[in-house]
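Feature list (source: TrEMBL):
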type     : residues : note
COILED   : 243-270  : coiled coil
DOMAIN   : 60-472   : domain 'Major facilitator superfamily (MFS) profile'
REGION   : 1-39     : region 'Disordered'
TRANSMEM : 59-78    : transmembrane segment
TRANSMEM : 98-118   : transmembrane segment
TRANSMEM : 130-150  : transmembrane segment
TRANSMEM : 156-175  : transmembrane segment
TRANSMEM : 187-212  : transmembrane segment
TRANSMEM : 224-243  : transmembrane segment
TRANSMEM : 290-310  : transmembrane segment
TRANSMEM : 322-343  : transmembrane segment
TRANSMEM : 355-373  : transmembrane segment
TRANSMEM : 379-399  : transmembrane segment
TRANSMEM : 411-437  : transmembrane segment
TRANSMEM : 449-467  : transmembrane segment
Amino acid sequence: MDKVYSDEQGLPAPDHSRPDLSLAEGESEKMKEMSEDNLTPLETKLNPYGVDESIEPPYGWVVVGASFFVQALVIGTVNNFGVYQDLYVKDLYSSYPASQISLIGTLAIVGMDIFGPLTGSFADHFGYQISALLGTLIMVLSLLATSFAYELWHLFLTQGLLYGIGASLAFFPSLTLPSQWFKRRRGLATGITVGGGGIGGLILSPMIVALFGKIGYQWTVRTVALIHLVVLVPASALFRCRVESGKDRRRRMKRERAALAEEERREQDRVAPLKKDKILDFSVMRESKFMLLFFASFFMPLGYFVPFFYFPTYARLNGVSASTSSVLIGILNGSSAVGRVLMGLASDYIGDVNSLLLSMIFSSISVFVFWILSKSLSVMVVFCIFYGFWSGSFVALVPSVSAHLCGIGRLASVTGIIYGGIAMGTLIGTPTAGAILDSLGHNTNYLPLQLWTGFVMAIASAIAFVLKVKMDRRLFVKV
């Protein structure tokens, strides 16, 4: 009896029973119609694996928990670069402009995102567990190398680019895997998962500042590397997929065909030949709705990371101490975690596209209203809470909207393409904000930077509104 794909948690195995390959008249035409390459709906093309999404097995919550810890360290680390930047600007590399130093954090975030199409395809083909474990190894090595760096350009390569590559390999499996296990509660599951990024930031920010004072910069970075190793290896080991990896699927199909009679096998090879998975498959970009999501996700990060990078220095400029500044970033990350979970839950009721639109609109409003007015500590706290909540929900909703538009098959690859757009936005946005601060604000006037941040988020909101209207013109309907 042929072995069929199943997981270790008692899931119903997808129906891979062998089709009738008789050479009766008309059979070849029927097989062509059933061929994966001739399916027309986008979701059918990307989810051809026969997974019953109405069943949400209990092990899915184990996957959510493991993904939560991966997100906590990966996103918590890249989002807390502002803590490192403050140290670099004021002490270790004070002779360099802020815009140049910010490129380190930008490279980490951009590296994580821009390699998304490639690392997402790697995860879909070789398995999410292997991808996350490899990413963990690279991140640990990058942090160890960072601790020995003594020139700024060393940090571009280690804390920036190398960490970004490792983060990408771990980030996309953890971001998209919960969507394989949940449909009805997908928003909640994804919200809890990406909420880890906010919780990680809430813990890491004050911890890193405290360690700087106690054990110094180098041993602080090495301690963070050790935490990565201890937490991410067991978390990655718990990853299980409901959908076959491309490699396993191809092996199964080869075994099934090997069991056929020679004549049947020749006919099957002629009608539906086995094809290697494409390393990069951009066919989804022909869909107009997907491209609207792509461009909205490009404009949003033009401003999204600016507060994470520049708010600590802004707070210091307005009389806030370094320790209090790190607490503000912790509040920002904590509110982000709450927003990711609550808006993820809300999206199960009001729709993920509607929720994404709200997150973009209110992120823009929070910058125009609260950040521009935040001259006192109390208003700074309000901004961190409000902006953290709404901007964090954007992160939670992108994979849910991707699954809504494209299905769960090759979801890591599809989400990777979206995050490629996010990477381009980040690569342009944060250095542009730094250049605006250097040239127009002279490193003291933050208003031009704040206006830039709010404006690009407003553009993202407009594009998301077009996506919502394209899916359903009725204003108050779940989409």
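These residue numbers are counts, starting from 1, taken along the chain as shown.
The backbone N, Cα and C atoms fix where each Cβ goes, glycine too.
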When counting Cβ pairs under 8 Å to the transmembrane segment (224-243), the leader among 59-78, 187-212, 322-343: 59-78
Ranked first among 187-212, 290-310, 322-343, 355-373 for CB pairs under 8 angstroms with the transmembrane segment (449-467): 290-310
Cβ-Cβ under 8 Å with the transmembrane segment (290-310): same-chain residues at least 6 beyond its ends: 42, 79-82, 85, 98, 102, 105-106, 109, 284, 329, 332, 356, 360, 363-364, 367, 371, 383, 387, 391, 394, 398, 401-402, 405-406, 414, 417-419, 421-426, 428-430, 432-434, 437, 446, 449, 452-457, 459-460, 463-464, 466-467, 470
Range from 187-212, 379-399, 411-437 with the greatest count of C-beta pairs under 8 A to the transmembrane segment (98-118): 411-437
Intrachain neighbours beyond the transmembrane segment (411-437), with Cβ under 8 angstroms and 6 or more residues off its ends: 46, 97-100, 102-103, 105-106, 109-121, 123-124, 128, 172-173, 175-176, 179-180, 281-282, 284-285, 290, 293-295, 297-306, 309-310, 398-399, 402-403, 443, 446, 448-449, 452-453, 456
Confidence summary (mean pLDDT) of the domain 'Major facilitator superfamily (MFS) profile' (60-472): 86
